[in-house]
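Novice: Let me give you the structure first, and then I'll get to my questions.
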Amino acid sequence: MKRTILLLFLLLAAMPARAQDAFLAALPGLGGGFGAQVEAVGQLGTLGDPRALPILTALSEGRLLRLADGTLLIRDGTRLLNAATGAPVDVAEADTQRVTINNRVRGALRGALGQLQIISPNSAERLAAADAIFRARSAENVPLLDAALARESVPEVRDRIALALAASRLVATNPADKLAGITALGETASPQARSILLEARAANPEVATQIDAAVAAIDQRLAIRRAAETLFQGLSLGSVLLLAALGLAVTFGVMGVINMAHGEFVMLGAYTTVMVQDFARDIPWLQPWSLPIAVPAAFLVTAAIGAAMERGLIRHLYGRPLETLLLTFGVGMMIQQAVRLIFGAQNREVISPPWMQGTLMLPFDIPVTANRLWILCFSLVIFGLILAAIRMTRFGLEMRAVTQRRPIAAAMGIRTGRVDALTFAFGSGIAGIAGVALSQIDNVSPNLGTGYIIDSFLVVVFGGVGSLAGTLIAAFGLGVINKMLEPWAGAVLAKVFVLVAVMAFIQRRPRGLFPQKGRAAEA
Amino acid sequence: MTETRKITRRAALAGLSTALATPAFRPSFAQAAPIKIGVLHSLSGTMAISETALRDTVLMMVEHQNSKGGLLGRRLEAVVVDPASNWPLFAEKARELLQVHKVDVTFGCWTSVSRKSVLPVFEELNGMLFYPVQYEGEEESRNIFYTGAAPNQQAIPAVEYLMGPDGGEAKRIALLGTDYVYPRTTNRILRGYLNSKGITDADIMEEYTPFGHSDWQGIVARVKRFAGEGKKTAIVSTINGDANVPFYRELGNQGIKAEDIPCVAFSVGEEELAGIDARPLVGHLAAWNYFMSVQSPANTEFKNLWQAYIKNPRRVTNDPMEATYTGFNMWAQAVAKANTTAVDAVRTAVIGEKFAAPSGYTEEMLPNHHLSKPVMIGEIQADGQFNIVYKTPAVVPAENWSQFIPENANRRRG
């Protein structure tokens, strides 16, 4: 009895000591070449020693430093800690060298961090860990995942762990495990699961038929999703076209001014976003709001410039479209060059807020990128607001009156000059708002506007000059058709096809999809 | 009181005139006419973003050389013209440099189409052009020296890396490019190379987009699908100019991580990354012959010279700037050796000229008018710099006629 207790005691004492030895023995490898790093990361992951977690996290975030004698340090804020002991060290950072990694090490790190984090008390970390193990997939992880699955209570995390388990079982040697893995993967609609199954197919000819069936099942689910994805991409492209064209739909569509500087107003809106963000950079509480603040700011800036342009230049040229075209074209070039002189020719960096980054999952697992979804919603909201402004406000009424029959409107006491200026400012301001949204998906450079001017005119003319609803339908229609053509025609040809189709359509119906009727159309 | 002030002013004037007359005030030169250096880079239009830095590099070198006493006892003088990203104008401006300004050497061009436009002018008037940008090869003019990479010094080693153990052993390659001559020729060479390595056409995806393309969602989704066929996939990007920012943003948003689908780019350097939030791109790759992060004494000298000249300690250097710097030094060495600036003599003298370049290697001008250069692969880091994960142990001689283009079978090899 005594001896047993003694033995047990010895065992207990020896176990952590051995683990610690292995832990310390694996550590120096992290500072070695890429091959040694991969090996050390793998060892630390399998050891499951929680002390490895901060070290591996530091390595993946580029915070692991090395002294000349090979000692590893972790940078924690401004402090430097010894990686092995966690004690603060007094060394100048200039004497250290950053430990660099490559993609292979990064892959190994993801797997090891997954192994270490699957027991984390934080469910988000467990979710990330399950995904990491799913990608890393190794038969060694099966017992680890089995245990994790048994104690997991959050359903979402459970699903992911089950998927990771299935993927890990697929590479196991046990045929029953393998089949279970295949069945579980076949019940998903995940492209990654499909990829893993196909990868396993060559190595496991004995279960090829099961794998084929599982892949076919996934393909069926993916086909529906793919169609939904294409539709979303088309709507997203349409929303960009809509945003770019809405301002023009007011200045050109309603007022009839051919404004070639429209693209430059969009560009100015994007630069306003950059300036608002630069301003908010030093004010922490303002930072997350910089984008929402940029929307009214861009509207005011571009509306003011638009009003000045209308009062100063354009109003002298009403009824002379050719001169207006040349004048606005020239003004556009001047704005572009002025921006180039003030801000430089280089692209300016625009920060995307966290809620506009990454991919969101819609129902039925349709992945959509967050920034595009926001822009789609934003464009519809702006469209609604414009429609409301024109239909329901006094200003909208006056605007319609002036554009339909100027002398009568003047006789009724409407100050037509003021309405002209306001309408043009309104259209320019909307272009500025579009610039805020486009800064999230395109380069903010002085050339930003040039890329959108042709598309904008295309949408407005195709939809029917003067018809806002036509602009909406034309934008989304062109977007969806473009994206449907793209997979089989390529990006260049798809655009050409769309242009040819619009040209053919305009030949038959010169007034677009929704021509204006009545006397206003002849004016 | 008045008297004193008068004297002081007179003294000051006298002092000033002495200072101006004193030769010690600036380097002294013999009375010989200055050596003229032509600078043929776009300072306006779409290419201004990239080419302005190269003009500044040449001006910096002219100033630097003058501070060292010029060349052959003569002062150097830069003649700057602006071809405005307009390809036919490049030929006109080249003619102006050679016939009106009678320049001794020209540094210029970025895009292949601009080089093709000036080539006949330089050949007709027997001028000398140093071209500093990586390109698709398939060219060799006696009047042009190519100091950027040929395809075997950039594209092929990069793909080799992707297919090797450190690059992730890619078995499928997506070739994405902008629709013009450089990406199309490079991808043709790459396809030949991949086929020779046993990668069939079914495992190669090739897509082109117009200049300035901004809607990448469809293409990136298709690459994801292409990668989901059970084989390790990598992207090779010859996307040029502005289209890169939305492309990388889409990669980041669709969650394509470098560990899963690495993307190696041939036209994205330190300057291009300045406009992007590089954090989601960490681990994606670029292949060049020089990175600003190279640690070598020559590079420290180059970076210090540049940041002092441009008066901005945060300005970055990049590969074409390094190629301009190396080309200028080789030309200066050849002029010193030939003891003349006459084009024919310098042309012979510059062949075989060696220079310890900022890349940390000694590069040599080969008889085929191209350089031997090291090849480096860098991973993008969060601060927009590159972490060099691979470099060739020695310099690689340029092969401007690619062996992977069937028509070149009968050509001599450089």
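Cβ atoms are placed via backbone N, Cα and C, with glycine included.
Just so you know, TrEMBL annotations never went through curation; they're auto-generated.
As annotated in TrEMBL:
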SIGNAL    A:1-19  signal peptide
TRANSMEM  A:235-258  transmembrane segment
TRANSMEM  A:289-309  transmembrane segment
TRANSMEM  A:321-343  transmembrane segment
TRANSMEM  A:373-390  transmembrane segment
TRANSMEM  A:421-441  transmembrane segment
TRANSMEM  A:453-481  transmembrane segment
TRANSMEM  A:488-506  transmembrane segment
Novice: Given the cut-off of 8 Å on Cβ pairs that are 6 or more apart in sequence, determine whether the transmembrane segment (A:321-343) and the transmembrane segment (A:235-258) share at least 3 such pairs.
Specialist: yes
Novice: Could you check whether the transmembrane segment (A:235-258) packs against the transmembrane segment (A:488-506) - three or more CB pairs closer than 8 Å, residues at least 6 apart in sequence?
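Specialist: Touching, no - the transmembrane segment (A:235-258) and the transmembrane segment (A:488-506) miss the threshold of 3 or more Cβ pairs under 8 Å.
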Novice: Could you pull out which residues elsewhere in the chain have a CB under 8 Å from any CB of the transmembrane segment (A:488-506), counting only those six or more residues past its ends?
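Specialist: For the transmembrane segment (A:488-506), the nonlocal Cβ contacts are 458, 461-462, 478, 481-482, 512.
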Novice: Which residues of the chain, 6 or more past the ends of the transmembrane segment (A:289-309), have a CB below 8 A from one of its CBs?
Specialist: 261, 265, 268-270, 272-273, 276-277, 279-280, 331, 351, 353, 356, 421-422, 424-433, 435-436, 440
